[in-house]
Amino acid sequence: MLTNARSQLRILARDPILLALVGVIFAAILVFVVYPLAMVFITSFQDRGQWTLDHYGLLAERRLYKNALANSLSVGAMVGFLGVVIGYIAAFVLTRLDVPFKKLLHLITILPIISPPFVSAVSILFLFGFNGLITKQMLGLQDFSIYGFHGVVWSQVFTFAPIAYLSLRGVLASISPTLEDAALNIGATRWQTFWKVTFPLTLPGIASAFLIVFIESLADFGNPLVLAGAAFPMLAPQAYLEITGSFNLPRGAMLAVILIIPSITAFAIQRYWLAKRQYVTVTGKPTASTSKIVSDPVKWLLYAFVLLFALIVVMFYAVIIVGAFTQVWGFDYTPTLAHFAYVFNVGFKTVIDTLIIAIITTPISGILGMLIAYLVVRKTFPGKSAMEFGSILSYAVPGTVVGIGYILAFNDYPIVLTGTLTILVLCFVFRYVPVGIQSGIAVLRQIDPSIEEAAQNLGASSLTTFRKVTLPLIAPAFFSGLVYAFVRAMTAISAAIFLVSANWNLMTVQILNQVGSGRLGVAAAYSILVILIVLVAIGVINAFVNRMTRHTNMVRF
Amino acid sequence: MAEAVVIRGLNKQFSSPDSPDRTVHAVRDVNLTVEPGQLVTLLGPSGCGKTTLLRMIAGFEEPTSGDIMFGDRRMNDVAPNRRDAAMVFQSYAIFPHLSVYENVVFGLRLKSLPAADLKAKADRILEITGLTAMQNRSPNQLSGGQQQRVALARAIVMEPKVLLFDEPLSNLDAKLRETMRVEIRELQQRLGITALYVTHDQIEAMSISDRIVVMNGGVVEQVGAPWEVYARPATRFVADFIGKANFVPGKVVDGGVEIAGQKFSLAHPTDQPNGSDVELVLRPEAVALSADSGVFAATVKRAMFLGNVAEYLLEVDGIGEWLVDVSNPGEVGLHERGSRIFVSPSQASLHVLP
C-alpha cells in the first residue's frame, strides 16, 4: 500500500500543475469545511476554556432543548413521509402514465426548488395566518393558529416534496416498464404487479427520497423560524436564537452537534448503503412505454391528485404576487406599488449585495466543482477518497451548523473574516459545490477516458486537457453546477444568516426581517424579485454555456 | 526523425482494486528493441499485458521497474504529454466537440506553430488520409472507417518519434479492416516512423509487421519476423496461438526425428540431444493427403468444406488426431467420414519445439 502511495505521488510530481491543484484544494477543504466543523464540536465541549459535558447535560434537564430535538425529528419524519407520498405519485403519473400536460405539470412541480425559502411560509401566512384570507376572511375563524407542527409540516411539504419527486422520477425512469408487462403476462393482477414488482424495485429509491427530505427538513431554517412559533421550538432556529439572542456560543454549538447527528446518519445511510441497493433495469435509452398496471379510474384519480398539488403550488405563487401588490393584506386590498418602492428605495443595497455575492460565487463554485469531479474520477493521488468525502461533507451538514462553524472559526485569530464579502462567498462556494461535483462525476464516468488521454498524448498538459477537452464535454454538468450555485446563493438563509453584516446583507435575510416585523407585502415583493433574478440568471448561464461549447450540442453521449 | 524504442527489464504490477494486498503481474521482465522505422506488433490474447506495455510506453501507466528508452533518452519520468509518442486509440478517442480539422490540428495548436505551417501540415495529412472533403464535419457525422482515419491523421500530423496503435481496427468490419491495415502499413513505411502496434488478430499482425512480439501472461514468448513465429514457433503457446497446429510426439535420432517408427530428416537441425523425446509442430497445410498411398494410414473423423480449403480431422493410426487442410477441394471433392486414407507430412515443414 505504501509503495502504491509513493508511486502515485511520483506520477503526481511529474505534473506540477496537478500537484499544486491537489494541494490547494486539500488545503481549502481543510480550512473551509473541516476546520469550522471541528470548531463547532470543540466549542460544544468547552466552557470558559475548560472541557465540560455540561451543555449536553442541559439537553436532558431543559424541556426547551428536549422538545426542540423531538419536534425537529417528528417534523422531519412527517415531512419525509408526506413528501415521498406526493413525490411518488407525481413521479409515477408523470413518467409512466399517458396523461395531458405532463411537461407543464413537471415544471410546476419542481418550481419550489428554485424559489426563496419563504414563499410557501409567507403564502401560508397570507392564507391561514391571523389575518389569513381563508381562515379569517372566508371562514371567519378568530382564534385559529397556523403556528406549530401543522404550519411547519405543510410549509415544508410544499418546499421539499419536489425534491422527493425529482429523486423518485429518476428511480422510476430507471426501472423498465417491461418488467410490469412481464408480470402481467404471467398472470399477476395489477395490484399484485404493483406490490410484488414495481414497489419492491422502487423501495430503495423511496427510502433514499425519504432520507433526503428528512435531511432537508432537519436542516431547514426559514420555515420553522416563520411558522414554528414560540410554543414549538425546533433545533435549527433554537441554535440560531442561542447565538444571536443570548450570545451563548457553546449552547448554540451543542444544539448544532445534536442537529448534525441525525443528518449525518441519514446521509450516510442514503449514500453508502441505499445507493448500492438501487435497481437499474434500464440501461441506455429508456423505453417509452406507458404503465398498464393502473385502471382508467385509478389513473385519473392519481392525475387529479397531481393536478391538485400543482394547483396549490400555483396558488402559493399567485398569492405571493397578489400580496406583493396589496396595500395591507387582510385589511386593505387596494393595489399598490409601495412594497416594491420600499424594496428599491430602502432595501436596494441588499439587492445589489446579494447579486454581487451570487455573481462571484457562481463561477468559482462551478469551476471548482468540475475540477474536483475531474480529479476524483480521472486522477489517482493519495487521499483521493478523502477529497471526495471532504468536498461533499458540507452538503450533508445543516446550514445552521455551517454558519455557527464559520463564526466560531473566522471570528478570531488566525483567520478573521466575519462581516466581509469573503466569508459569505467562501461559505456559499463550499456549501454548494457538492451538487456540481456529483453531477460532474456522473457525466465524467460516461466519457471514454481515452479522449482525455488522446489530448495528453498530443501534448496537452493536465490543465489544457481539462480546459479544452473535459470542460466542454461536461458542459451539461457544468451548467447544472452553475445554476445550482447561483440559485442557492440567491435563496440561502440558514448558514448565511450568521454571516451577514451591515456591510453585506442578503435578500433572504431581509425577507425574514420583513416577515418578523409583519410587513408581509415587502417580503412578497423581495421574493418575487429573487425569483425573477433567478429565472433571468438561468437564461444567461444557459446562453453562456452554449456559447462556450458551441459544438457540444451536436454530440450525444 | 525515427527513433529506436528500447525496453529493458520492464515490469508492471497492479494492486487489484478489491484486495489491495494482492497484486497482478501484468507485464513481466520484458526486453525489446524496436529499430528505427520498424513496425513491431505486440500480439497475444486479451489480458496478456500487450496493452499495458503500450500504455507504459505512452506514459499512461507507470512501470513498477525497468526502463523505457526512446533512442538514448530514458522516458520513465517524462509526462505523457512530453513523450512525442502519438497514439491511435482503440475507441479512436476523437474529440466529439471539435470538427475533423480541429481534431487533426489539436496537437499542432499546442505547439504554437506559425499559422501557415500549421495549415500546410494539416492539409497534407488530410490529403494523405483522404479527409480533405470532410474536414469541417463533426465527428458524429463520420462512419467508423472515417473516424479511424481522423484518429490516424491526428497522430501522424504530429510527426512523432514513435507511433503507437492500440487495437486500432478492432471496431471495424472485416472488409474495412483489411483495407485500413494496408493503408496504415503503407503510411508508416512512407513516413518512416517507428511504430508499435497492439492487436489480438494474428492475421493482422502477420500482414503488417516487420517483427511480431508474441505475449502471454505478461511474458514475451517469442520475437521474430512473421514467417519465423509461424514456421519456427519458440513455444507451444506461440504455435497454438498463431494459426492452427498439430502437436506430434517424436524422438531425436541421428539429427533427424522418428515419428511412430518412421524416420524424417529435419530442414533445421534441433539442438536437443540424441534419443530425447520431443514435440513437433506440424501445420495442417503441411500434410499431403491421398486415397491410395502415404506415410501414415488414417481414418476421417470429420470433413468440412470451407470453400478455399477442406478441413479434415483425422485419426492417424498409432499417433492421434491431426487437422489437415487440403486446398482447392472443389476440384477433388471430399473424403467421406469414416473412409480410410493416407497422409504424408512435408519434411521441410517439420519443426521441433525447443
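Cβ atoms here come from the backbone N, Cα and C positions, even for glycine.
What TrEMBL says about this one:
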DOMAIN    A:69-270  domain 'ABC transmembrane type-1'
DOMAIN    A:351-541  domain 'ABC transmembrane type-1'
TRANSMEM  A:17-42  transmembrane segment
TRANSMEM  A:68-94  transmembrane segment
TRANSMEM  A:114-134  transmembrane segment
TRANSMEM  A:146-168  transmembrane segment
TRANSMEM  A:194-214  transmembrane segment
TRANSMEM  A:252-269  transmembrane segment
TRANSMEM  A:300-325  transmembrane segment
TRANSMEM  A:355-377  transmembrane segment
TRANSMEM  A:389-409  transmembrane segment
TRANSMEM  A:415-433  transmembrane segment
TRANSMEM  A:473-500  transmembrane segment
TRANSMEM  A:520-545  transmembrane segment
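Scored by C-beta pairs under 8 angstroms, the transmembrane segment (A:355-377) has its highest count with A:473-500, from the stretches A:194-214, A:252-269, A:300-325, A:473-500, A:520-545.
Beyond its flanks by at least six residues, the transmembrane segment (A:389-409) meets 25-26, 29-30, 33-37, 39-40, 43, 215, 218-219, 221, 235-236, 239-240, 243, 249, 252-253, 256-257, 259-260, 263-264, 267, 372, 415, 417-418, 423, 427, 430-431, 433-435, 437-438, 492-499 of its own chain at Cβ-Cβ distances under 8 Å. Below 8 A, the CB atoms of the transmembrane segment (A:415-433) and the transmembrane segment (A:17-42) form 3+ pairs separated by six or more positions in the chain. For the transmembrane segment (A:17-42), the partner stretch with the most Cβ pairs below 8 Å, chosen from A:68-94, A:194-214, A:252-269, is A:252-269.
Remote same-chain residues near the transmembrane segment (A:146-168) are listed as 71, 74-75, 78-79, 82-84, 86-88, 90-91, 109-113, 117, 120-121, 124-125, 128-129, 132, 135, 202, 205-206, 208-210, 212-213, 216-217, 220, 223-224, 226-229, 231-232, 234, 309, 312-313, 316 (criterion: CB distance under 8 Å, separation of at least six residues from the stretch ends). Panel annotation: around the transmembrane segment (A:252-269), residues 39-41, 43-44, 55-56, 58-59, 65, 68-69, 72-73, 76, 211, 214-215, 218-219, 235-236, 238-240, 242-243, 396-398, 400-401, 404-405, 408 of the same chain, lying at least six beyond its termini, place a Cβ under 8 Å from a Cβ of the stretch.
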